[in-house]
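**Q** Below are the C-alpha cells for one structure; questions will follow.
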Amino acid sequence: MPVITLPDGSQRHFDHAVSPMDVALDIGPGLAKATIAGRVNGELVDACDPIETDSTLSIITAKDEEGLEIIRHSCAHLLGHAIKQLWPNTKMAIGPVVDNGFYYDVDLDHTLTQEDIDALEKRMHELAEKNYDVIKKKVSWHEARETFVKRGETYKVSILDENIAHDDKPGLYHHEEYIDMCRGPHVPNMRFCHHFKLMKTAGAYWRGDSNNKMLQRIYGTAWADKKALNAYLQRLEEAAKRDHRKIGKQLDLYHMQEEAPGMVFWHNDGWTIFRELETFVRSKLKEYQYQEVKGPFMMDRVLWEKTGHWDNYKDAMFTTSSENREYCIKPMNCPGHVQIFNQGLKSYRDLPLRMAEFGSCHRNEPSGALHGLMRVRGFTQDDAHIFCTEDQVRDEVNACIRMVYDMYSTFGFEKIVVKLSTRPEKRIGSDETWDRAEADLAVALEENNIPFEYQLGEGAFYGPKIEFTLYDCLDRAWQCGTVQLDFSLPQRLSASYVGENNERQVPVMIHRAILGSLERFIGILTEEFAGFFPTWIAPVQVVVMNITDSQAEYVNELTRKLQNAGIRVKADLRNEKIGFKIREHTLRRVPYMLVCGDKEVEAGKVAVRTRRGKDLGSMDVSEVIEKLQQEIRSRSLQQLEE
C-alpha cells in the first residue's frame, strides 16, 4: 500500500497502486488537468505510470522546465503523426528535444519545400486541436520490433537492434493510428501541444555518419502558451535584424567565400575592431601580469601524439607533410606553451608563470556547421596558461575569475551563469588531488560571491573546470570563458620545476580563456550592439563633414586635430547635401558626426550629432576632443550626453 510523500512533506495513503495522475486527482481536479508527468523518487515518469511502493512524488506541469521539455518532445511525435498522414511512405528516424524546441529526422522520397512545411504545420495543428489522449504501452523488445517491421520503419528497427537490450521493455506511444517509440515521458493529452511552429529544414546523416544516408531534419519550436511562443518568435525576429552576417556586410567588416570555407577575410573596418579588441585584451594581460608569447602554428605530429590530441582529436586537425614528416596545424595553443615553459630550468620561485597568446588556431569543422564568425575553421584564441604549484591554484583561479568579470563588464554583459564541472568516472590523478582541485575552484567562486551550479562528472579526465556562459540582450547563451585545471599535459610533456625541497616536481597547469575566440566574440558584440559599437571600438569614431566647399579647409584642419588626438576620423567633403551625408553615416553606425557650416567656421566650433539622431548643438573643438578622448579612454558604453 503506497504512501506518497509530496514536496511540502505531506503524505497521502493509498490501498492500491496509483499513478501521478491519480495522486493529482486526489489533490484536486485543477492540478489533475494541469498534470503533464511526475517525478517519482527523483525520476521523471509518465502521468499514467504506476507507483506501487512508498515514494516521493512531484507533479510536473507546464510551468516546470521539465514540463516544457516534455511538451517539446511530444510535439516531435505530433510531427511524426502529421507527416505520416501527408506522406505515408515517410520513414521516421529520431526526434529529440533541443534548445527552445525539437527536431525530427525523416527519410522522405522528395525534398521538402516551404509549401510542404506549411502543410505539415497545418496538419499538426488540426491533429493537436482534437485533444486526443496519448496512450503509452510497455511491450517486449520482440513485440516492438515486430510492430516497426510491419510498418516499414527501418530506422526504428535499427535502433532496437543496436541500442536496446532484448530484455528491455520499450515504451510505445500511440497517437491515434501513429505509433512512436521513446523512453518518455510524454504528455497525456495533446491539449498541451497547441503552441508550436515549424522553423526550418536541414540535412543530417543517419547517426551523424557521412557514410550513411542523408536524411531531412525538420526543426520546430514549442512553448507552454501562446504568449511565450510569440515572445520567442519576436526574439528571433529581432535576432534576424541583428544577424552579424547581415550587419558585417552592411558595415563592410569582413567577408567569407567558397574558396576558403570557415576562414575570415577581414576588411579594414572589421580588422580595426579586431585590433582594438586585441589592444583591450593586452591591457588586461599587463594589468594581471601575464607574459605574451607566440608559438608556431604548425608542429610535428609526434608532439600531438605525446599530448594525446592525435588519438582524441585527429579528425578535427588539419595536417600537411614535408620531407617525410607529418605536421599538424594547431587546433589549440597549450602544447606550444608547455614547450616554451620547458626551455630552461624553472624554480618554484619562478611560479606562477602566466603565459598568454593570441593563438592562430585551425579546426576542421564540418562544412554544414560553419556559421559566419560564430563557427569558423580559422580563429584566434585569447588563450593563456598558468603554470603554478598546487598551493598557488586557489589564488590563480581567483585572479582568473576577477579577470573574466572585469572584461565582460566592459562590454555590459552582466548576466553570467557559472558551472563547475567535477571529476568524471574515467580520470587521472588521485582522489586526494581531485578533492583539493575541486575545493580550490569552489572556494575561489565563493570568495568572489559568485553563485554557481555543479555539473557532476562533466569535468575533463585531466581536471575540473569552471565554465562562464554570458547572456546577451536577447537572452541567448554564449559559452565563452573557461578556467580548466590540468594534471595531465605537463606530465605528458615532461614539464617540471625545482621545488623548495630541491626535487623536481610537475606544475599544475591552468588553461584560461575569456573571450574564447576573437572572431566569435566580434560576432557576439556585433549582434549585442546591433552594429552600434561603443565609440572606443567603433571602426570610425567621427566623421567631419562640410555643408559647402567653403568649409573644406576648416574640415581638413579639424580632421588633422582629431587624428593627432588619437581619434579615428574621416572627412566627408563630397558635393552632396548635408542631409544625405548624415543619413549615410548614420546607417554606417558612426558614433559622431561633426557638421561644419559658415557659422561654425566663424566661431571656431562644430555642430555635433550622434548616430541615434541626437543634436548636441554647437561645441568648441577643444571641448569635443576632450570629451571624445575621455569616452574612448574609459571604454564607456554611453555616448556623450546619454
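The backbone N, Cα and C atoms fix where each Cβ goes, glycine too.
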**Q** Swiss-Prot records CYS334, HIS385 as Zn(2+)-binding residues. Which of HIS244, HIS255, HIS511 is assigned to the same site?
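**A** Matched candidate out of HIS244, HIS255, HIS511, per Swiss-Prot for Zn(2+) with CYS334, HIS385: HIS511.
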**Q** Helix, strand, coil: count each for the residues of the domain 'TGS' (1-61), based on DSSP.
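**A** Output for the domain 'TGS' (1-61) reads 14 helix, 22 strand, 25 coil.
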**Q** Around the recorded Zn(2+) site, report the further residues of that chain (criterion: Cβ within 8 Å of the mean position of the Cβ atoms of CYS334, HIS385, HIS511; site residues excluded), sequence-ordered.
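**A** After dropping the recorded site residues, what remains is MET332, ASN333, HIS337, ASP383, ALA384, GLN484, ASP486, LEU489, MET509, ILE510, ARG512.
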**Q** Since the record lists HIS385, HIS511 as binding-site residues, which of them has the fewest other Cβ atoms within 10 Å of its Cβ?
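**A** The binding-site residues HIS385, HIS511 were compared, and HIS511 has the fewest Cβ atoms within 10 Å.
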**Q** Need the DSSP three-state call for CYS334 (Zn(2+) binding site) to compare against my parser.
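**A** In three-state terms, CYS334 (Zn(2+) binding site) counts as helix.
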**Q** Using a 10 Å cut-off, grab the number of neighbouring Cβ atoms around the Cβ of CYS334 (Zn(2+) binding site), all chains included.
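**A** Neighbour count, Cβ to Cβ under the 10 Å cut-off: 25.
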